[in-house]
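What follows is one structure encoded as structure tokens, with my remarks underneath.
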Amino acid sequence: MADITDKTAEQLENLNIQDDQKQAATGSESQSVENSSASLYVGDLEPSVSEAHLYDIFSPIGSVSSIRVCRDAITKTSLGYAYVNFNDHEAGRKAIEQLNYTPIKGRLCRIMWSQRDPSLRKKGSGNIFIKNLHPDIDNKALYDTFSVFGDILSSKIATDENGKSKGFGFVHFEEEGAAKEAIDALNGMLLNGQEIYVAPHLSRKERDSQLEETKAHYTNLYVKNINSETTDEQFQELFAKFGPIVSASLEKDADGKLKGFGFVNYEKHEDAVKAVEALNDSELNGEKLYVGRAQKKNERMHVLKKQYEAYRLEKMAKYQGVNLFVKNLDDSVDDEKLEEEFAPYGTITSAKVMRTENGKSKGFGFVCFSTPEEATKAITEKNQQIVAGKPLYVAIAQRKDVRRSQLAQQIQARNQMRYQQATAAAAAAAAGMPGQFMPPMFYGVMPPRGVPFNGPNPQQMNPMGGMPKNGMPPQFRNGPVYGVPPQGGFPRNANDNNQFYQQKQRQALGEQLYKKVSAKTSNEEAAGKITGMILDLPPQEVFPLLESDELFEQHYKEASAAYESFKKEQEQQTEQA
């Protein structure tokens, strides 16, 4: 990408590039060429793309009135999309034609008309669904294929967390007639050697209604648990007694052997119902048959998911408040020892120490009581109690998704605190407060260069920000080291003294943790966030992590998963905007 010239920078000063805290200019000018301005949504942007880069790209198309790259309110990092507003609709149309899916800093951008009215974005008319897409079909190929039928408001291939196509996508036309033409022309067409399915997009409510209609009038049956000795004649004869049959077939493999299931299609729904009622759980050649309504794969998956969710909720309710998580266990503690330690506090339904494939203790386990009261009593009595030379950590067990959600909230809270501290520090510096300025503490990350750990005398600041000359954090092999007091002097009273040593302890722990975390990831931002999350634990829980690689690995994985979950939520917010 060409560098921004002085002339471009000068032009940018005359633009109404809005403040990050304000909303982008509104408008849904795609609905009519009579509108005097046009607002475009520009998505899939590389994080470093700025308003200046976008101006350099879009200004040759026409007169740009404003540009805004949307950013996180706390971290100020790009959310991956922007709004570009032109002074006339024709310039916006040309920008879509000429720049849509062109690379910006190595990424293909996605441009569409900005739809500020939610009712226009969510309307069903003109929106179509495409499935069975070849993995090589990307957003540009999808757009190019369907744009010949009319103006497209948006198009998108659904992708997984790794950016790979899920095999389906959506195209939203401005006009409903264009959508109908596309369906008529492309449904069943071969695209990259695969026959695609194109149909109007249905909302979940409409799909559920359609499914209920199918259930109420089904004629096709699925039969399983069929004995391998069963013949086609036996199978058809068994079902023919309930009414006229359109077809009956037993599924076979390439060698002609039965797969153990088949299908029967009746002429009338009533006959199919009779067959299900009479033959389900009946025996044929010594095997108990299953006979039920035939379902499509996606419907079966939906049913299985609902069953699993019901089971999961039932299990959650059953163990709510009674299942305890116990960590920092000595390697000598086994299931029996764990149960013995907690037995005095109530009836234990299970006690388990988690182990590796080789049978080695992972240093944590679970104890399940019969009532919440017993579990609460055990937490009160056993948490921080020494067992086999180690202080136990005992708490109510939480699901992974709950822990990840909590850790993600901690990330957001920490980002907000850091932003507020930096803002307050800048304000204090601007006010010229002599001798009292303390640099903001950046917990969970290495301090920025030029900012020392301890309170400064500005003329004595270490330019390496509290780091030794070799640039590596100091090593502490035997726990935290309480160093020299800050340059502002010793603590004046007992309370200040306690706070001072707590700060030094946290600093020492953070330095050691950061070293272990940074050895696991090359992403500096992730290393800082993960270190901060682990450092939020009480010090007595952090110390064991420095000694036990297995305990550290467990906490690192949880914090890393929470960080990734947080990043995905940001990306989803970007897509929904």
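Backbone N, Cα and C atoms are what each Cβ position is placed from, and that goes for glycine too.
When Lys7, Lys94, Lys352, Lys400 are compared in Swiss-Prot, the ubiquitin cross-link annotation sits on Lys7.
Note on Swiss-Prot: of 12-17, 222-227, 246-251, 258-263, the range annotated with the feature motif 'Nuclear export signal' is 12-17.
For the residues Lys166, Lys257, Lys337, the entry in Swiss-Prot flags ubiquitin cross-link at a single position: Lys337. The stretch that Swiss-Prot tags with region 'Required and sufficient for nuclear import', taken from the ranges 96-132, 281-317, 355-391, is 281-317.
Cross-referencing Ser48, Ser228, Ser405 with Swiss-Prot, the residue annotated as phosphoserine turns out to be Ser405.
Arg107 (omega-N-methylarginine) sits 30 Å from Ser405 (phosphoserine), counting Cα to Cα.
Cα of Ser332 (phosphoserine) to Cα of Ser405 (phosphoserine): a span of 33 Å. A Cα-Cα distance of 50 Å separates Ser249 (phosphoserine) from Ser405 (phosphoserine). Arg107 (omega-N-methylarginine) falls within a strand segment according to DSSP.
Per DSSP, the secondary structure of the domain 'RRM 1' (38-116) breaks down as 19 helix, 31 strand, 29 coil. DSSP assignment over the domain 'RRM 2' (126-203) gives 22 helix, 30 strand, 26 coil. For Ser405 (phosphoserine), the same-chain residues 6+ apart in sequence whose C-beta sits under 8 angstroms from its C-beta are Ala562, Ser565.
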